[in-house]
Amino acid sequence: MPVVAVIDYEMGNLHSVCKGLEKAGATPIITHSHQELTKADAVILPGVGAFDPAVQSLRSRDLEQPIKDTIASGKPFLGICLGLQILFESSAEGTQPGLGIIKGKVRRFISEPGITIPHMGWNQLELTQPKSILWEHLPPQPWVYFVHSYYVDPVEPQVRAATVTHGTQTVTAAIAHENLMAVQFHPEKSSNIGLQILSNFVSQVREKIAA
């Protein structure tokens, strides 16, 4: 079974991500060891919480360069929730620079009548890269589970793999570019749809191993 390293920097619910990966047919290992990231077949960066503590926690564990090296190597990489946001250059939530792997900023939802912030609960994706491996075997507008007050705004729109609409605001819900994928929602909390997305990621890992 493919070995998927789940990065532990004390900013995520790692147990439910690992459970989802096991169901998807992978062997998850929770780690912040550079060697284990290098040895793994794929890497997942989960995360819940605030932007500044997250990037500080990654940097204090010397994980910034290993993450960049992993992505540059072509190894399948998946960011989840805050793990998507910290791939960007900066966030309105904090003052720390992000990893800057994807050009763009993290912005806050604007208050408007009839919506709550955070955007919390089930919502439908609009797939802007419908042929992305992440969306294989999914219905056209799948329902997934969100909890966030901030969203990513990439400079290059072609990296956007899906959007979601909250009130009148349509924002990026996922990005995909070559081996780098990241989602704002929580696949591990998104029932069968989320499990299928994790299974699709694991399938890509298998293909990479076989190539």
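Any Cβ shown, glycine's included, is placed from N, Cα and C.
Quantities reported herein were computed from a predicted structural model and do not represent experimental measurements.
Annotated in Swiss-Prot:
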- Cys81: active site, nucleophile (ACT_SITE)
- His186: active site (ACT_SITE)
- Glu188: active site (ACT_SITE)
- 3-211: domain 'Glutamine amidotransferase type-1' (DOMAIN)
Glu188 (active site) to the residue listed as 'active site, nucleophile' - Cα separation in whole Å: 11
DSSP three-state assignment (helix, strand or coil) for Glu188 (active site): helix
C-beta crowding around His186 (active site), within 10 angstroms: 22
Packing count at Cys81 (active site, nucleophile) (other Cβ atoms within 10 Å of its Cβ): 26
PLDDT averaged over the residues of the domain 'Glutamine amidotransferase type-1' (3-211): 97
